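In what follows, a single structure is set out as C-alpha cells and then discussed.
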Amino acid sequence: MSQRTLVLLKPDAVRRGLTGEIISRIERKAGWAITALELRTLDQDTLEQHYGEHKGKPFYEPLVEFMASGPVVALVVEGERVIEGVRALAGPTDPIAAAPGSIRGDYGVIVRENLIHASDSEESAERELKIFFPGRV
C-alpha cells in the first residue's frame, strides 16, 4: 500500500553536511519518491504544533531549542510501506542502540541530536504533513 510520510533532517544533519547522504539512502530504498523538499528554519509556532504532545516533559524545552538552532530539511516521501521503512532506515532514537547500516547507527551521536525525524504512524504522518506542507495534503 502506497503511503506518504514526513521526514525532517534535523539541524545536526544540516550542520554536519549529511543531508545529501541521508537523502540518497532514502531515494535508493524500495523505489520511494521524494515529492517535496524544503530547507527552512522552524519557528516557535511550528515547533509547538509538532512537539505539543511533549510539552511539560523534561526533554521538551531542550528539544525545541535544538530544533530551532538551525535549518532543517523537510521532505515528503511516498512509497510502499514508507512509514515503517523510513523509521527502520533511520534506526532507534538512541544512536548508541542503533545498528550499523542505519542512519543513526552510522552517523548519530546523542539522543536529542539524532539527525532525522520520521512519522511513526499514518495518523502522525497526516497530522505532521498538514503542519509542514499544508498545501500538499
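Every residue gets a Cβ built from N, Cα and C, even glycine.
The local packing around His117 (active site, pros-phosphohistidine intermediate), expressed as other Cβ atoms within 10 Å of its Cβ over all shown chains, amounts to 21. According to Swiss-Prot, the active site, pros-phosphohistidine intermediate annotation covers His117.
Secondary structure at Thr93 (ATP binding site), taken from DSSP and collapsed to helix, strand or coil, is coil. The ATP binding site annotation in Swiss-Prot covers Lys10, Phe59, Arg87, Thr93, Arg104, Asn114 and rests on sequence analysis.
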* Structure fact -> Pairwise CA distances across Lys10, Phe59, Arg87, Thr93, Arg104, Asn114 (listed as binding ATP) top out, in Å, at 21
* To the nearest whole angstrom, state the Cα distance for the pair Lys10 (ATP binding site) and His117 (active site, pros-phosphohistidine intermediate). => 7
